[in-house]
Amino acid sequence: MEEAAGERSNLAGVRHILLVLSGKGGVGKSTIATELALSLRHSGKKVGILDVDLCGPSIPRMFRAQDNDVHQCDSGWVPVFVDQDKSISLMSIGFLLERPDDAVVWRGPKKNALIKQFVADVAWGDLDFLIVDTPPGTSDEHISTVEALRPYKPLGAILVTTPQAVSVGDVRRELTFCKKTGLRVLGIVENMSGFVCPHCSECTNIFSKGGGEELAKHAGVPFLGCVPLDPQLSQSLEEGRDFIQEFPKSSAFPALAHITQQILDGTLQQSS
């Protein structure tokens, strides 16, 4: 019981917990988690990102925070703040590795223990939203994350897919995972939905289109929207430019703002 009380104190100030899931790697979960955090921040919210992708922790790099160290306080680890206002905070195994190229070659039990520790021992303080960026698949780490978060009643999961049938098929399995673990699906986001030309701003569907919407309809869950590929935004990340500043200028911003508004509307309905 004592352990549960300790856990409660660290997540007591977190109003809503969102999980970003996908049955597949490479669909842009970390990008969507990052953009969602920035979009919520634009709406005046205080946001944390918990990166439980232990083998591919990319969140620190996206915020140019990879050189930061995590410090201890009385109630556990202090997350890394990415801006002066302390409106976005991060926790990732990327901050705990001695060298950025270190591989996490661990068996399941050790990974699961770290996930439990991440959920229990990070001193988030007061947050409007905690976004949990998960690894691909419906693996051990997913089950550990959902079980560790269950006492704190997560708001639900956002499923990320790309438009192609292969990706949609894998994400369908993630829907089954959510059903089996009792995790509410807030909706599906179709990422990489078209390519926005940096010269003429025309949007071309490189893959196909509508797979995510079709899946949402079929599964009876909300379709939150399509997020286009924006090479300028990707470039700002690659070159370490200030992604936070560049994000509102990107073609992905209106799409993410629309998705964010639906999430905020949903939380309002829940609390009324």
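Count begins at 1; order follows the chain as displayed.
Each residue, glycine too, has its Cβ placed from N, Cα and C.
Note that the structure is predicted; figures quoted are calculated from it, not measured.
According to TrEMBL, the protein carries these features:
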{"type": "BINDING", "residues": "GLY23, LYS24, GLY25, GLY26, VAL27, GLY28, LYS29, SER30", "note": "ATP binding site"}
{"type": "BINDING", "residues": "CYS197, CYS200", "note": "[4Fe-4S] cluster binding site"}
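Excluding GLY23, LYS24, GLY25, GLY26, VAL27, GLY28, LYS29, SER30 themselves, the residues of that chain whose CB lies within 8 A of the CB mean position for the ATP site are, in sequence, SER22, PRO136, VAL160, THR162.
Its Cβ placed at the centre, GLY23 (ATP binding site) has 23 other Cβ atoms within 10 Å. There are 11 other Cβ atoms within 10 Å of the Cβ belonging to GLY26 (ATP binding site).
A count of other CB atoms within 10 A of each Cβ picks out LYS29 as the most crowded of the binding-site residues LYS24, LYS29. Ranking the binding-site residues GLY25, GLY26, GLY28, LYS29 by Cα distance from CYS200 ([4Fe-4S] cluster binding site) puts GLY28 first. Here the binding-site residues are VAL27, CYS197, CYS200; the one with the fewest Cβ atoms within 10 Å of its Cβ is CYS200.
In the structure shown, the C-beta of GLY28 has more C-beta neighbours within 10 angstroms than that of any other entry among the binding-site residues GLY25, GLY28.
On a Cα basis, CYS197 ([4Fe-4S] cluster binding site) lies 23 Å away from SER30 (ATP binding site). Recorded residues GLY23 (ATP binding site) and CYS197 ([4Fe-4S] cluster binding site) have their alpha carbons 29 Å apart, per Cα-Cα distance.
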